[in-house]
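Colleague: Here it is: the structure, laid out below.
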Amino acid sequence: MSTSSHMYPMSSGHDQHSYIHNSSYQKAAISSAVEKTRRCIFEKLDLQLSSDFGTFRIADFGCSIGPNTFHVAQSIIDTVKSKRLEESTENSLVPLEFQVFFNDQPTNDFNTLFRTQPLSPEREYFSVGVPGSFYGRVLPRNSIHIGHTSYTTHWLSKVPDNVCDKKSMAWNKNYIQCNNLLEEVTKAYKVQFIKDMEIFLDARAEELVPGGLMIVIGECLPDGVSLYETWQGYVMDTIGDCLMDMAKSGITSEEKIDLFSLPVYFPQFSELKGEIEKNGSFTIELMETTSHPLEGKPLTNDFITSTFRAFLTTIIEKHFGDGVVDELFYRLAKKLSNHPIDFEMRKKQVVYCIVLKRK
């Protein structure tokens, strides 16, 4: 199976299982970084970059469907307006317009995205939908002043070669993800991550104006920690166990499971840092990790099941067919109830906040 993340957006629509209603975990991390990114914009961005044309352009890469992307856009706009007001004299304020590019895969539910965006005059910007993989350029050269992406770059452009090949040393047998248990599998995923991150950074370097900022927020593993040791890794492995149980019940087949692996890789922080430093197009203005804001708070089984369902439904339906998702996540909820996650014992992923400046 050659699985490309380009084909599998978050759950669409507006029902109880859609991403629009199950993205509060991501929102908490994004919100926790607002003050840091605001400070970087104030200290590192030269507003003269937009003075020639009177339009300030922002892009959210991998926007999915609201509301997180709209909060991001408005937060950046509010910060730029405050900085501009602070730096301008009474008679020097020239009207500045804002344009926001919402980018995601062509299969993203752009209809729901734009139906749920704030209406004018509350919305202070002109909206543009940009379908296309961010693993490559999606916008003209030197066109963006601030780029943003959050909870996206753990999605690879495709499943690494040989991971679903039974004859390969990198065959991900018995697992549906790179949980760092199998060395050859981890190597294959890391190679793909390195390729994709290079392409991502090179594309953003072309799209950003010199002096423009790129904000990157997401989760990674602390150095020395493997994904299977975290609660997120445990949930993903449990989903794999549920699929195997369903194969034994005849609902799906072991053959389909053997040919299934997610195009997802959570790097260790040093891996992520190394790839960014290796790219010569940016200076690093901020690179920090913190614990997730919800760490230490009780996450219910319903919350966990709904969160994972929102980002896995499309890819699971595509590979295993209709009628599998409801049963799969019913079984997941049951397993989590019978075998509760020991959050205290599990190692933690960390949230990273990175701000890069285009040279």
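Numbers run from 1 along the shown chain.
Cβ atoms here come from the backbone N, Cα and C positions, even for glycine.
Source: prediction; values computed, not measured.
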Colleague: Of the candidates ASP104, ASP161, ASP165, ASP196, which one does Swiss-Prot list alongside TYR19, CYS63, ASN68, SER133, PHE134 as binding S-adenosyl-L-homocysteine?
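Modeller: Between ASP104, ASP161, ASP165, ASP196, Swiss-Prot records just one in the S-adenosyl-L-homocysteine site with TYR19, CYS63, ASN68, SER133, PHE134, namely ASP104.
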Colleague: Of the residues ASN142, ASN162, ASN172, ASN179, only one is listed by Swiss-Prot in the Mg(2+) site with ASP258, PHE260. Which is it?
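Modeller: So, going by the record in Swiss-Prot, that would be ASN172.
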Colleague: Please report the distance from the Cα of PHE260 (Mg(2+) binding site) to the Cα of SER133 (S-adenosyl-L-homocysteine binding site), rounded to the nearest angstrom.
Modeller: 22
Colleague: I need the CA-to-CA distance for ASN68 (S-adenosyl-L-homocysteine binding site) versus ASP258 (Mg(2+) binding site), whole Å please.
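Modeller: Rounded to the nearest whole number, the Cα-Cα distance is 35 Å.
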Colleague: Do you know offhand how many angstrom separate PHE134 (S-adenosyl-L-homocysteine binding site) and ASN172 (Mg(2+) binding site) by C-alpha?
Modeller: 26
Colleague: Ranking the binding-site residues ASP104, ASP258 by other Cβ atoms within 10 Å, which is at the bottom?
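Modeller: So among ASP104, ASP258, the binding-site residues given, the one with the fewest Cβ atoms within 10 Å is ASP258.
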Colleague: Taking only the Cα atoms, work out how far CYS63 (S-adenosyl-L-homocysteine binding site) lies from ASP258 (Mg(2+) binding site), in Å, as a whole number.
Modeller: 31
Colleague: Under a three-state reduction of DSSP output, how is PHE134 (S-adenosyl-L-homocysteine binding site) classified: helix, strand, or coil?
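Modeller: Reduced to three states, the DSSP call for PHE134 (S-adenosyl-L-homocysteine binding site) is coil.
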Colleague: Determine the C-alpha span of the S-adenosyl-L-homocysteine site listed in the record, that is the greatest distance between any two of TYR19, CYS63, ASN68, ASP104, SER133, PHE134, in Å to the nearest whole number.
Modeller: 20
